[in-house]
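Colleague: Please find one structure pasted underneath; my questions will follow.
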Ligand SMILES: NC(=O)c1ccc[n+]([C@@H]2O[C@H](COP(=O)([O-])OP(=O)(O)OC[C@H]3O[C@@H](n4cnc5c(N)ncnc54)[C@H](O)[C@@H]3O)[C@@H](O)[C@H]2O)c1
Ligand SMILES: NC(=O)c1ccc[n+]([C@@H]2O[C@H](COP(=O)([O-])OP(=O)(O)OC[C@H]3O[C@@H](n4cnc5c(N)ncnc54)[C@H](O)[C@@H]3O)[C@@H](O)[C@H]2O)c1
């Protein structure tokens with residue numbers, strides 16, 4: 001298995017010349033390549049996009065073969081990808097997806113990291129995380145708005161909307177975590193982000209996601225204090241281990257206003273550096289004695305979570321940011337690890353009830369102008385949402401594009417299909433230089449079952465029911481999305497989640513308009529349905545307002 | 001939740017008058033009803049079709065609403081079923097499935113009977129088993145040929161093909177297990193089947209699946225001895241508990257030629273009567289103290305498995321028949337429980353390598369003549385397979401139809417699409433009185449990951465990889481099957497399997513022919529692909545012979 005090749009440098013083609021036989025196959029080709037662009041991926045030489053070991057293809061042979069197949073694939077054929085390997089091409093039809101992917105799925109009794117890692121080492125599997133294996137990762141921007149929305153909600157809920165003069169402590173500046181400092185300052189907070197890997201801090205400095213670097217805690221705290229005094233919102237990347245820095249603050253009696261974490265705690269083998277270890281040592285031990293790495297990492301996480309609980313007790317608003325660190329600490333004996341809430345039930349669920357989540361699109365032309373035109377179209381179509389307009393302005397000003405130009409913006413059932421149809425029309429009439437793809441994270445309203453994160457503490461107790469994301473994937477396939485994926489273990493690790501992804505191409509055709517209209521309606525509608533079924537009034541109202549046909553609730557005859 | 005209504009007696013409509021708007025929605029309507037026909041289902045009043053508590057709908061309200069929706073559903077709409085509940089109707093298109101189902105799926109860390117039972121009691125879930133929740137159960141016939149093929153393979157492998165004068169010991173005469181005595185005698189064996197529920201024995205006597213009833217062991221053994229002496233193949237249903245009768249044989253030093261079991265061991269709460277308990281006592285304790293029932297049942301299974309190991313040591317060919325009883329015994333301390341093999345690796349896998357599995361079809365007309373005509377068509381199209389012809393003759397002679405007339409017959413990649421297209425043509429030209437539906441069990445070549453059963457001991461160690469059944473479901477959805485389902489826990493219980501079902505309607509139209517040609521090719525082809533990927537030469541040869549496009553193995557350029 002050839003999994004590491006430092007000589008490979010992948011860039012998606014841009015412009016309007018096709019490598020494949022149509023835009024419906026050119027699109028997955030460019031998006032796969034874009035996922036592995038060195039400006040986008042965390043470790044492109046080993047096909048790792050983000051999220052610990054979230055890969056875009058199983059190995060370089062599989063990558064090459066996927067590219068070959070996409071170039072020859074017909075518009076009545078469908079390519080199957082099994083954990084990053086192209087396993088079959090089958091006859092389908094024009095309105096069927098061109099690619100169907102299943103990544104990292106294991107029968108539950110065997111769905112743990114030990115078994116997965118064994119299969120992964122044997123070359124039989126790959127970890128797909130969420131958008132890595134489903135080819136719709138767009139760099140750290142992907143997470144910025146979600147993080148910004150969350151921090152803004154924290155400010156509203158705890159500080160009367162006033163973030164100024166407040167600061168957030170967090171860990172991890174990786175693919176997703178790297179969005180935290182930018183989102184924090186956009187929302188008006190200062191941030192201290194602890195990161196063990198200096199190259200990650202430098203990468204965030206270079207791309208404008210973090211403002212300053214510090215190499216010791218005193219220096220970092222001084223920077224934060226100075227900024228607070230000036231009423232400025234700045235972010236500092238501190239080189240250090242979160243399991244050491246968090247308890248050090250407890251010891252000193254220094255309490256941040258908000259505490260969270262985005263190390264890759266969901267993957268204790270590959271995603272979290274144990275305290276006292278060097279990066280080189282961890283890399284070596286991962287090969288020599290993986291069980292010892294896991295043990296040490298989980299013990300350090302327990303220390304970090306204990307510090308988070310202590311800071312919470314001292315008055316900090318503390319939240320789990322979806323990396324399953326509470327579960328890991330619980331397994332190491334921190335019995336009250338779940339005393340601080342996950343961010344979804346605390347801040348995001350009301351949005352999910354209306355199908356609102358991380359909607360995103362990418363300009364296949366490679367031209368930033370195409371994104372700016374769509375930005376303007378979004379403002380035109382959603383004129384009465386100042387927070388959204390503000391986001392679009394800040395995003396344009398402060399977010400550097402990585403790879404193909406892309407935009408993310410949290411909108412829901414009432415807007416997604418309208419926007420998609422407008423973008424398709426813009427492709428048709430030449431306002432955009434080339435087609436756009438529209439997709440979303442798997443962290444969305446109807447696409448995931450993850451009891452320690454997206455479906456934590458559901459009103460009816462249905463947290464672990466994964467029928468919902470499976471139905472979402474089947475319906476998006478039936479509706480004619482361009483590619484659809486089903487993953488396991490994203491975000492929170494093996495055993496803890498099942499989720500689905502979807503991407504659809506706006507190539508400007510009438511046929512695409514039909515598919516876009518269906519898929520971008522149905523996809524968020526399944527989220528509204530899932531939350532209405534669980535008893536959330538906001539979701540039920542949204543379903544009624546949008547005339548969803550939910551037979552036991554709002555369908556024809558349901559009120560009879 | 002209204003789950004038990006003894007007044008409800010469901011029969012599928014027959015003839016050519018539609019209740020729904022087209023045959024594509026009439027078909028799932030009739031098949032749902034057929035699943036609950038008292039001649040088909042094990043406990044229709046509580047919507048239980050077979051396999052412990054395998055249901056067709058969550059409760060009677062859900063059932064009624066499903067029926068209403070199917071009657072009004074348009075040919076560009078799709079109904080979603082979540083664990084037996086109709087949760088949404090969404091716009092799709094003519095070539096998309098009319099129904100998509102996800103039953104009993106749980107996020108792996110929570111995928112166990114305790115959590116499932118809690119959700120089930122709250123009315124949030126339903127156990128779908130395999131064909132119960134996916135509306136293509138056809139009574140005990142469904143399993144007869146599979147069991148017959150297995151017993152014939154046992155005879156070939158252990159007794160030079162001579163079953164005469166040999167006998168099989170088994171347990172369980174339920175929905176599936178009830179097929180054992182008929183299959184055994186068809187294959188030339190005598191059989192002693194131990195069953196705790198007298199009504200189940202009487203049901204099998206009435207429908208011609210078992211020849212005789214006995215109420216004590218001596219009587220039963222005498223019947224078997226007499227038949228063996230006369231060179232006859234007879235079957236005896238013995239009223240008793242397998243956990244008591246199996247050890248009694250060990251004690252007496254009586255060794256059957258073959259030993260197996262088909263109690264519902266996969267569901268220790270509802271599917272297995274602990275030794276020494278009455279049925280009434282178990283029913284009561286299931287409500288009062290479910291944990292105690294589970295414990296007692298698993299302890300009895302351990303006793304039974306120990307007896308099976310002892311009989312194996314004494315020379316009996318012993319096999320697990322896919323009910324996960326070895327796992328249960330293992331969990332109770334029988335450390336060598338897996339010393340006897342599962343039936344799939346031992347006898348069935350070579351068939352799966354060619355996509356061969358339990359193909360089945362049902363005459364929606366309700367007229368047995370339609371099945372006899374298709375029987376003749378199968379013989380005509382597959383002229384050179386005497387075993388298959390023999391099966392069809394015996395089936396016609398000895399198998400009573402239950403509910404809508406149906407036929408099962410194990411065929412693979414090379415035949416399924418040909419047969420389906422021929423049937424569709426017979427509908428078109430009026431040779432058949434009404435459309436037929438074609439489906440299969442989830443126990444099939446490409447549709448299941450189940451490490452203690454269908455994917456036990458795969459050559460490459462990929463037993464637990466469930467990407468494959470998920471891809472199968474997505475591809476069948478993309479291909480335009482009429483309904484597609486994704487289930488968890490079928491056969492072997494919660495945590496131990498993931499699998500998908502598919503049904504397609506032959507309504508005689510040109511559009512149906514296109515869908516049938518695709519789906520009945522792709523579906524078995526995914527099985528050949530899965531086995532070729534695991535390294536089985538038979539599968540690789542079959543893939544090459546049939547020009548499957550498997551990019552890393554046989555696709556264009558794969559040999560380069
Ligand atoms: N809340 C959300 O919306 C959301 C979204 C996506 C991902 N996540 C979760 O956030 C986590 C991070 O995701 P990512 O894509 O950034 O992962 P990543 O693997 O790219 O980055 C993790 C970072 O943490 C650093 N790190 C590891 N151990 C550390 C330690 N002890 N102290 C300080 N830093 C340490 C690593 O060097 C790395 O840079 C994952 O668990 C992911 O599932 C949350
Ligand atoms: N090998 C295969 O092809 C295959 C196919 C389908 C099902 N199965 C498995 O076979 C098992 C049986 O399926 P089913 O549909 O017949 O289930 P079922 O629940 O309809 O029948 C089980 C029967 O076992 C009887 N029973 C329970 N405890 C007993 C005991 N201690 N002693 C004797 N009899 C006892 C019950 O009374 C019942 O009649 C299931 O675990 C199922 O998953 C195997």
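Including glycine, each Cβ sits where the backbone N, Cα and C put it.
So TrEMBL says this about it:
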ACT_SITE  A:409  active site
BINDING   A:51-52, A:129, A:175-177, A:195, A:200, A:241-242, A:262-266, A:272-273, A:321, A:491  NAD(+) binding site
DOMAIN    A:10-136  domain 'Urocanase N-terminal'
DOMAIN    A:139-347  domain 'Urocanase Rossmann-like'
DOMAIN    A:350-544  domain 'Urocanase C-terminal'
Colleague: For residue A:51 (NAD(+) binding site) and residue A:409 (active site), what Cα-Cα distance in Å is obtained after rounding to a whole number?
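Modeller: Counting only the Cα atoms, the answer is 21 Å.
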Colleague: Could you give the Cα-Cα distance between residue A:175 (NAD(+) binding site) and residue A:409 (active site), in whole Å?
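Modeller: Residue A:409 (active site) has its Cα 18 Å from the Cα of residue A:175 (NAD(+) binding site).
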Colleague: Roughly how many Å separate the Cα of residue A:272 (NAD(+) binding site) from that of the residue listed as 'active site', to the nearest whole number?
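Modeller: About 30 Å separate the Cα atoms of these two residues.
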Colleague: Tell me the Cα distance separating residue A:264 (NAD(+) binding site) from the residue listed as 'active site', rounded to the nearest angstrom.
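Modeller: Given the Cα positions, the residue listed as 'active site' is 24 Å from residue A:264 (NAD(+) binding site).
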Colleague: With DSSP helix as H/G/I and strand as E/B, how many residues of the domain 'Urocanase N-terminal' (A:10-136) fall in helix, strand and coil?
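Modeller: Residue counts in helix, strand and coil order: 41 helix, 25 strand, 61 coil.
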Colleague: With an 8 Å cut-off on Cβ-Cβ distance and a minimum sequence separation of at least 6, pull the same-chain contacts of residue A:242 (NAD(+) binding site), or say none.
Modeller: A:171, A:172, A:194, A:196, A:261, A:263, A:304
Colleague: For residue A:272 (NAD(+) binding site), which of the three DSSP-derived states applies: helix, strand, or coil?
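Modeller: Its secondary structure by DSSP: coil.
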